[in-house]
Amino acid sequence: MNDFPWLTIIVVFPISAGSLMLFLPHRGNKVNKWYTICICILELLLTTYAFCYNFKMDDPLIQLSEDYKWINFFDFYWRMGIDGLSIGTILLTGFITTLATLAAFPVTRDSRLFHFLMLAMYSGQIGSFSSRDLLLFFIMWELELIPVYLLLSMWGGKKRLYSATKFILYTAGSSIFLLIGVLGISLYGSNEPTLNLELLANQSYPVTLEILFYIAFLIAFAVKSPIIPLHTWLPDTHGEAHYSTCMLLAGILLKMGAYGLVRINMELLPHAHSMFSPWLMVVGTIQIIYAASTSPGQRNLKKRIAYSSVSHMGFIIIGISSITDPGLNGAILQIISHGFIGAALFFLAGTSYDRIRLVYLDEMGGMAISIPKIFTMFTILSMASLALPGMSGFVAELIVFFGIITSQKYFLISKILIIFVMAIGMILTPIYLLSMSRQMFYGYKLINVKNFSFFDSGPRELFLSISILLPIIGIGIYPDFVLSLASDKVESILSNYFYG
């Protein structure tokens, strides 16, 4: 066990510091904004320092582990720890949350509560990624939902209450299945119940029971990821939420579902995952085509970007279902890659809305001349989203392709069919993304409007855009930076399978 409680401090610090903000004197919104940004930067620096000096990349076991008895009545411990699977998502959470707080500068209504909720969400997300106890994982999972619901219902578009209600119904409903899975898997088998993930990873179950556990967890994570047909909350939520909230949703919250699939479904229930993986492969392939086909029909800019997130999630599902070293590595890389790309696209969509106050693409046009910086960044990041070589998305999708090709689980004809359908999806992706850019930035619609004028990106927005773009290009050029973190853990997970 680690001598110093690094992870406890990293998890508790944001929400504790955010609580202090409620007692700060009322001296305008700027105090709250800069206080929150300072907390996020300090948290990110603390996390980076703790990981740099205490994390060994060649060790697949849990590191920085903490294990404290919490409730004596039953076997409930405050168990924290990280490995190659969680370190990338925790660093991504810190980076995106810091930039999202900077993006939230235009928010003036109830600024104190808004920034407190962002910090509370920060704690819940890091807690989920670093939990080594199933019940603690569930608590952190639920803790993170409350701030998201309030952020959706209080700040956003005209239909924000509808989208927030839809979000909470979907996620709270899926949490019932998560709780059933947690209680079932912890109470089965041994003489006394255990919630320790490390012990549960070595537990074996009757086939029928393992399938039931797998389905319960799969439903919970499929809603959050999202996986079709449980995705319908996502376009509505993204369409109405404030763009800083969208950055957190696309950049981090969706990744929690994918993380759960690997951490629990794949690691704890390998036999059931092996049985379900062909079906997940089919769903992932359909998802890529479905989202890429549906996206061009969306008038709302943020809804169109939301469907691109659904399409990218298809590659993650396929990578997880391939049960191969390249496939799983590609899925993990895609989780990190899309965290940056999704957050960046929603930020640029939000900054565009701040200027023109239009959400429908068919009402836009001709913006490129007046806002060349936003136009340039939007074009570059659209290229990143459609997996242009040299960008992180290209490497991630390419490795997933290798994962399918090298998989021993599927017949050759199945692999050819899957790759063919995925290729069609990759052809459709540039169509809806480039069409989106054309509708926004080309033509003469806004230029012909009387008194048409608005300003381009300021220093804050330019800094934010470049800050997200740099890791996208960096990972695209040198993907080993991310892959080296998880490679040993991936091998450890796949050692439970008979092929790959």
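Here the Cβ of each residue, glycine as well, is placed from N, Cα and C on the backbone.
According to Swiss-Prot, the transmembrane segment annotation covers 4-24, 87-107, 134-154, 167-187, 211-231, 242-262, 272-292, 305-325, 330-350, 386-406, 416-436, 462-482 (among others).
Most Cβ pairs under 8 Å with the transmembrane segment (87-107) belong to 242-262, among the candidate stretches 211-231, 242-262, 305-325.
In this chain, the transmembrane segment (4-24) lies out of contact with the transmembrane segment (272-292); the count of Cβ pairs under 8 Å, excluding pairs fewer than 6 apart in sequence, is fewer than 3. A contact between the transmembrane segment (242-262) and the transmembrane segment (167-187) is absent, since fewer than 3 of their C-beta pairs, 6 or more residues apart, lie under 8 Å.
Taking pairs at least six residues apart, the transmembrane segment (416-436) and the transmembrane segment (462-482) share fewer than three Cβ pairs below 8 Å and do not count as touching. Two recorded stretches are said to be in contact when at least 3 C-beta pairs lie under 8 angstroms, sequence spacing 6 or more; the transmembrane segment (330-350) and the transmembrane segment (167-187) fall short of this definition. Beyond its flanks by at least six residues, the transmembrane segment (462-482) meets 88, 95, 99, 102-103, 332-333, 336-337, 340-341, 343-344, 347-348, 373, 377, 380-381, 384, 389-396, 399 of its own chain at Cβ-Cβ distances under 8 Å. For the transmembrane segment (386-406), the most Cβ-contacting stretch among 4-24, 167-187, 305-325 is 305-325 (pairs under 8 Å). Within the same chain, residues 225-228, 231, 234-235, 237-239, 250, 254, 258, 261-262, 266, 273-274, 277-278, 280-281, 283-288, 290-292, 294-295, 298, 331-332, 334-335, 338, 341-342, 345-346, 349, 385, 393, 396-397, 399-400, 403-404, 406-409, 418, 422, 425, 429, 432-433, 436, 490-491, 494, 497, 499-500 sit at least 6 positions outside the transmembrane segment (305-325) and bring their C-beta atoms closer than 8 Å to a C-beta of that stretch.
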